[in-house]
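Below is one structure, written out as structure tokens; comments come after it.
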């Protein structure tokens, strides 16, 4: 069955003549006008049956609930398919669909008639959608263990709204997105929950071109290999995020990557966490690879004797790796992986008021971390999800988070609590293909303190279970690199020269000698610059000067020093600045200060390849 679904201000249609002998009988055909309605143009295909009809109506009703519309017109529309069912079957299934939708204000246009029509479609992100519904639409892979939370994620009742910084909430169908195009993309992407990849985003080509990462064909899909350049970048981001979390007060730990699937806490948690896991059999024991740091940290916290005076108490781990068996059609580049590196900080709080106060601190931390990583607030949009009860009891706290963001946010409100958390927010990056990916996130978890037997003693010397916050201030490290590359691709599209933040550049300065007679000078200069904690290399290959400069440009190296007789005899350095395209002379000290201004406060590591390009192998990607 194929469906084109439109949320309309109005539709007018007029039956003009019968197309087939078995067309529906109607008396006195007249123009019909319907307003504020969802119109489902439906083509019943050969092989469709009652199960398909029920599934189709279920999907239509689910999307109508999200936009707050209860008025439906079923419009038979054969032009959507070339594989139509027999007219008798089609009419019967349309009647079944209308019956299944009897709790709505439902009607249908006559079957088998030629009709003229005029339709006015609304302009919000969910106003237009298409569906292909088959008997297998809801079938899952036989070898896939799927949590109850994951199964329920597609059926949970959600209300989608937009909240402004002043706290007002508007139904998504009534919001004017004209000044918030990225938020509109996020709203459509999240509410439709379509993660399929149609084409690779630009960062995939860039991660290969810059020798950062590539697919590993000898591994499972979604498991990447990082070349020396990529490992250097990744390690610096890991160190920076870890340093910031430790400054915030997180205590770093290390926990196993696999756990007993039959451990009571694990079984219960599986069914409250929306993720697919890798399963392992070891000597008859069923194990799974962790999909977050929660398990190890919670089992560790179970061994602590805590007082309310210790709270909020924060544990932190950088998981290398966390594993999630994302569906194969959703995997692409560094955006969505099956093995990824996740900074994960849990805060154990006394109660909801303390958790609400702490989540504000972590919100500020997350904004700051992203900014220092090279991702500004204008680069992402915020989504926040909560239960209706939690919103009613903590409205001002939620509004404060939105006010901190400073722009309208996407809201998903749940009628009832289905997951272990009652609130979750995330910052979502929108890439060049209009796909959203969560970076920073935090959750308020009201179940796992009890589930894992974690306790603290309150003011009355009574044992209590803590509220737990789940924060990743950056999101997966791989996604940070993805976002930086997508930003660079967007800059290139706008005519700007793409670049990485200087502190993450695998090579920050390249020295190119004009002739072999300047090699000693270049090597000494290289050592002098390197001693200032700057990643510098020497292109001593037997290639033309033009080719070596072009290749440095292709590697996005910000500073190029071409050394000839004039430069070797000068007290100043002649610097080619990639961003301006200009060559300028500066003193050594001024040049070092310029670099330091861009890298100050960030971790440093030396080159992850030979200092001389002549000694490097050529990477074939």
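Placed from the backbone N, Cα and C atoms, the Cβ positions cover glycine too.
Here Swiss-Prot flags 1-137 as region 'Editing domain'. Swiss-Prot lists 128-150, 598-621 with the feature region 'Disordered'. What Swiss-Prot lists as region 'Catalytic' is 202-501. Taken from Swiss-Prot, the feature Zn(2+) binding site covers 294, 346, 470, and the record attributes it to sequence analysis. Annotated compositional bias 'Polar residues' per Swiss-Prot: 598-612, in sequence order.
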Sparsest-packed among the binding-site residues, when each Cβ's other Cβ atoms within 10 Å are tallied, from 346, 470: 470
Residues in the region 'Editing domain' (1-137) grouped by DSSP into helix, strand and remaining coil: 35 helix, 55 strand, 47 coil
Other CB atoms, at most 10 A from the CB of residue 294 (Zn(2+) binding site): 23
Residues in the region 'Disordered' (598-621) grouped by DSSP into helix, strand and remaining coil: 5 helix, 1 strand, 18 coil
